[in-house]
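Novice: Below you'll find the structure I mean.
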Amino acid sequence: MKKKISILMFFLITISICSNVIVLGKESCILEEVSVETMDVKDGYGKQCKDITPDAHFAIAYDAKNKKILYEKNAFRNVPMASTTKILTALVAINYSDLDEEVTISKTAASIRGSKVGFRAGEKVTMRELLFGLMYKSGNDAAIAIAEHIGGSIENFSILMNDFARMLGLKDSNFQSPHGLDSQMHFSSAYDLAVLMSKAMEEPFFREISGTKEVGAEKYNFTRSYSNINKMLWRLPNANGGKTGYTGQAGKCLVSSVDHNGRNIIIVVLNCPTRWEATERVYEYVKANYS
């Protein structure tokens, strides 16, 4: 597996250097500032509709099975997305590593700022545990450890992330890190995040690390037990996955998956101080308007 990744990384880096462009075809990006007074709000038929997420600058409800937008508000604008980035980090790790591989935590990973699991430099944990720490605790230390183990460096792993994003069809995104801390060229859109989450939910292990509330250390012989910080799993009984995020530039963000009559409805709210309530309102709208 490692040899396969090394060859892939060499190929991707060579393409990036020779083309001299940012991946996903964007040489530069001005992150868009949108006031709540100038929102473009549409229903699933592309018609202007009532703004049901007044506190959210960007939002979408997306039917993952039918690939249909049910509600959207500025959903195609390039904006910072904070730790919702970790959905892609997890998906890349699931596809390009062995979950039982042992990973040694570096000093760089242990000393990263922001939300952390609390791994110590030199500590050895499995990739499986890192992924629980990444999604349950939004651990930036877990994100760095994953990136270093798979890509050899943050830069190389970011290239792999962007290549994977292209394969998924994400057109309004560019990734510079596995954790999503504020960076000028690190951005996505509500629509891209909805598509990303819909693809991630097809992976059984991602559904486990994204949609369960707690895991005891004894289940997988982990170094510690974990509790999911995503409150939506408690607030909506049929919520089956999601990822929180927050930075100064991105504001409060939330990507959620909700089981609606056997279909995953992906709800994304970005730069939204009332992200829990806004997500619930969007789901109530979906229930009232779409069978």
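Each residue, glycine too, has its Cβ placed from N, Cα and C.
Just so you know, TrEMBL annotations never went through curation; they're auto-generated.
So TrEMBL says this about it:
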type	residues	note
ACT_SITE	Ser83	active site, acyl-ester intermediate
ACT_SITE	Lys86	active site, proton acceptor
ACT_SITE	Ser138	active site
BINDING	Lys243	substrate binding site
DOMAIN	55-273	domain 'Peptidase S11 D-alanyl-D-alanine carboxypeptidase A N-terminal'
Novice: Would you say which of the recorded positions Lys86, Lys243 has the most Cβ atoms within 10 Å of its own Cβ?
Specialist: Lys243
Novice: My understanding is the cutoff is Cβ-Cβ under 8 Å with a sequence separation of 6 or more in the same chain; which residues meet that for Ser83 (active site, acyl-ester intermediate)?
Specialist: Ser115, Ser138, His179, Gly180, Lys243, Thr244, Gly245, Tyr246, Thr247, Cys253
Novice: With DSSP assignments reduced to helix, strand and coil, which class does Ser83 (active site, acyl-ester intermediate) get?
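Specialist: Where Ser83 (active site, acyl-ester intermediate) sits, the three-state DSSP reduction gives helix.
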Novice: Tally every other Cβ atom lying within 10 Å of the Cβ atom of the residue listed as 'active site'.
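Specialist: Excluding its own Cβ, the number within 10 Å is 26.
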Novice: If you average per-residue pLDDT over the domain 'Peptidase S11 D-alanyl-D-alanine carboxypeptidase A N-terminal' (55-273), what number do you get?
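Specialist: A mean pLDDT of 98 is what the predicted model shows over the domain 'Peptidase S11 D-alanyl-D-alanine carboxypeptidase A N-terminal' (55-273).
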